[in-house]
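Annotated features in TrEMBL:
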type	residues	note
TRANSMEM	57-78	transmembrane segment
TRANSMEM	90-110	transmembrane segment
TRANSMEM	116-138	transmembrane segment
TRANSMEM	150-173	transmembrane segment
TRANSMEM	185-206	transmembrane segment
TRANSMEM	218-238	transmembrane segment
TRANSMEM	250-271	transmembrane segment
TRANSMEM	283-303	transmembrane segment
Amino acid sequence: MLILRLFSELLPLLALGYLIGRFKAELASQIASPLINFGIPVSLMGLLLKSGMDWRLFEALAMSFLAIGLLIVVIRTFPKIRTIIGNRSLLLGSVFGNSGHLGIPVSLALLPSQALSFSIGYDLASTLLVWSLGPILFANSSSELKGRAAWTNLLGVLTSSPAAKGLVGAFFVQLTPWNDQITSALWAPSRIVIVLALMIVGIRLGSFGSVNNQGIRNLFSIFGPSLLIKLMFLPALMLTLAKAFGLSTLMSNALVLQAATPTAISVLLLAEASGQEQHVAASLVAWSTLISLATIPICYLVLQSIN
């Protein structure tokens, strides 16, 4: 019942965005830029301060880096997989999930409150990576950077990424005597960021009003492999790694559920900000979110049966 209530809170926002998108589709691009520059750092700061920054968060962060990094290596190692996946939005969408805007509420609904730190760790790793690698991919049509240029670009994007700003901001806030007051003040803006991000998805969907059924089928055939990798392969990979490293049941369940989240809204925000592949990104986010309404509960039941 809790998971149904969670989704009932999300669907009205998507519906409102859809109605707006039917009449003012360009609003999505106008919202995306300030959301990237200001919204995401505030949202991440609020989540970090709410959960606290302790060793458990960084243990989960390290495991998340390992799983996501391993999947990226697999995709890059086998050219056939890259060819099947296709463009940059689909590549990012195969790897990065909506852990912050959907995964953390799912964690709160399905797991004990002690699991929040693990979920935050996964979200932090995913956010840092997607906002570090995503701009590089969209800024370079070849999607390939080599040698010193690759490291220079990665370092520059990482230091200026919204996720890095949020992490540094949360660290310094914890050092101040006003930690509790600032944490309380940032919680509401963090929720507003979630609302706006979900509405962007709805707005983009509203702009698809003229797409016919054949067009939808063609799009689904394009991003089907990304859906399979994101919703099935990545959670299975995370579960395998969790068992191999002997993680606690609570941490394992939290990380697997985060890995099972649909494609990150960040992928859509990056596409909106760059003006490239918005339709593909929005379709992938929308379809993966819809399908995850079934796959996340199934994943949870599988974890319960294993444990």
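Here the Cβ of each residue, glycine as well, is placed from N, Cα and C on the backbone.
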(message) Do any residues, 6 or more residues outside the transmembrane segment (116-138), come within under 8 Å Cβ-to-Cβ of it, and if so which ones?
(response) 40, 44, 47-48, 50-52, 54, 56-65, 68-69, 88, 91-92, 95-97, 99-100, 103-104, 107-108, 145, 153-154, 157-158, 161-164, 166-167, 250-251, 254-255, 257-259, 264, 266-267, 270-271, 274, 276
(message) Should anything in the same chain at least six residues away from the transmembrane segment (250-271) have a Cβ under 8 Å from its Cβ atoms, list it; otherwise answer none.
(response) 32, 35-36, 40, 56, 59-60, 63-64, 67, 89, 92-94, 96-103, 106-107, 110-112, 114-115, 118-119, 122-123, 126-127, 130-131, 134-135, 138, 197-198, 200-201, 204, 226, 230-231, 234-235, 237-239, 242-243, 277-278, 280-282, 284-285, 288-289, 291-292, 295-296, 299-300, 303, 307
(message) When you look at the transmembrane segment (283-303) alongside the transmembrane segment (185-206), do they share 3+ Cβ pairs under 8 Å, ignoring any pair fewer than 6 residues apart in sequence?
(response) yes
